[in-house]
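S.K.: Look at Swiss-Prot and you will find Cys154 tagged as active site, nucleophile. Look at Swiss-Prot and you will find Arg13, Ile14, Asp35, Arg82, Asn318 tagged as NAD(+) binding site. What Swiss-Prot records for Ser153, Cys154, Thr155, Thr184, Thr213, Gly214, Arg236 is D-glyceraldehyde 3-phosphate binding site. Residues or ranges marked as site 'Activates thiol group during catalysis' by Swiss-Prot: His181.
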Amino acid sequence: MAKVKIGINGFGRIGRLVARVALVRDDVELVAVNDPFITVDYMAYMFKYDTVHGQYKHHELKVKDEKTLLFGDKPVAVFGLRNPEEIPWAETGAEYVVESTGVFTEKEKAAAHLKGGAKKVIISAPSKDAPMFVVGVNEKTYTPDIDVVSNASCTTNCLAPLAKVIHDRFGIVEGLMTTVHSITATQKTVDGPSSKDWRGGRAASFNIIPSSTGAAKAVGKVLPDLNGKLTGMAFRVPTVDVSVVDLTVTLAKEASYDEIKAAIKEESEGKLKGILGYTEEDVVSSDFVGDSRSSIFDAKAGIALSKKFVKIVAWYDNEWGYSSRVVDLIRHMAAAK
């Protein structure tokens, strides 16, 4: 199958990391980037140097001119347009556009990219109305007539594969999720105004901040069997990357914690290899920086109260793992018949 040509709108955390993932893979080709708020030389700087993931070393990166970045010998077109419908994706051959501004998360707004020649749009965030797909869980329900999709959230990508295994094997009656989540760009370095979420405006590096998340409820969209059975919340904590899901569930069938571990291990080595991981090591969050899997079950961190009530813990690099799934979803869509 030919390389799938990708464009990226919005060169923030996820946009830049999707670009990093795409540039080291041989099944996709990055051809264009659009961001109205940064110049091409600043784009190159932000791409090359990354506090969390380190300096980019796979290609020599140069600015050819105001509209072109060179990754080694590979040119990537650069645009600086605010309106999605004005971006000339067709000129660059970009068929799949990653919408990672965080602004155009609704189906109709994201669909504006189609006017510029994009064939499909992948929103790198949850969406109110675009169909959501989580690779390893429900991507097989995608059909080629769908032009705008959402890759859900990083937390839903961690939780859904885990919930699927538990539900398929033992049945989930109901459950609560907490994600202990690293800082993201929407937070404040010092206390500042945040009228919609007062707590969210407090200093990110000095506080544990309770926050809402739709990640658990969204699992019900990708796994309809679990609709209405899961909900959850988040604590934002002062780490810059890697988060951890704590899923506490009531099971339909009795199971020992060892049986649950065995089921997850089996799936992590089988159908969900590369998506779901399994570890019995004494790991901490920084051990997962740069881990491309969606969800890594921590066998030593979980605990069971009884054969029907259990807490399951899974790590995820909320930046790199998620960005890897964006590219996987594009490949799946391109291959779908």
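For all residues, glycine too, the Cβ spot is worked out from N, Cα and C.
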S.K.: Would you list the other residues of this chain near D-glyceraldehyde 3-phosphate - those whose C-beta lies within 8 angstroms of the C-beta centroid of Ser153, Cys154, Thr155, Thr184, Thr213, Gly214, Arg236 - in sequence order?
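M.R.: Checked against the 8 Å cutoff, the neighbours are Thr179, His181, Ala215, Ala234, Ser243, Asn318.
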S.K.: Could you work out which of the recorded positions (Ile14, Cys154) has its C-beta surrounded by the smallest number of other C-beta atoms within 10 A?
M.R.: Ile14
S.K.: Any idea of the Cα spread of the NAD(+) site, Arg13, Ile14, Asp35, Arg82, Asn318, as a max distance in Å?
M.R.: 27
S.K.: Using DSSP reduced to three states, classify Arg236 (D-glyceraldehyde 3-phosphate binding site) as helix, strand or coil.
M.R.: strand
S.K.: If the D-glyceraldehyde 3-phosphate binders are Ser153, Cys154, Thr155, Thr184, Thr213, Gly214, Arg236 per the record, what's the largest distance between their Cα atoms, in Å?
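M.R.: Per the listed residues, the maximum Cα distance equals 16 Å.
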S.K.: Which of the recorded positions Ser153, Cys154, Thr184, Thr213 has its Cα nearest to the Cα of Asn318 (NAD(+) binding site)?
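M.R.: Nearest in space to Asn318 (NAD(+) binding site), counting only the recorded positions, is Cys154.
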S.K.: At a 10 Å cut-off from the C-beta of Thr155 (D-glyceraldehyde 3-phosphate binding site), count the other C-beta atoms across all protein chains.
M.R.: 26
S.K.: How big is the gap, in Å, between the Cα of His181 (site 'Activates thiol group during catalysis') and that of Cys154 (active site, nucleophile), rounded to a whole number?
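M.R.: Checking the Cα atoms of His181 (site 'Activates thiol group during catalysis') and Cys154 (active site, nucleophile) gives a distance of 10 Å.
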S.K.: Using C-alpha atoms, which one of the recorded positions Cys154, Thr184, Gly214 comes nearest to Asp35 (NAD(+) binding site)?
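M.R.: Going through Cys154, Thr184, Gly214 one by one, the Cα closest to that of Asp35 (NAD(+) binding site) is Thr184.
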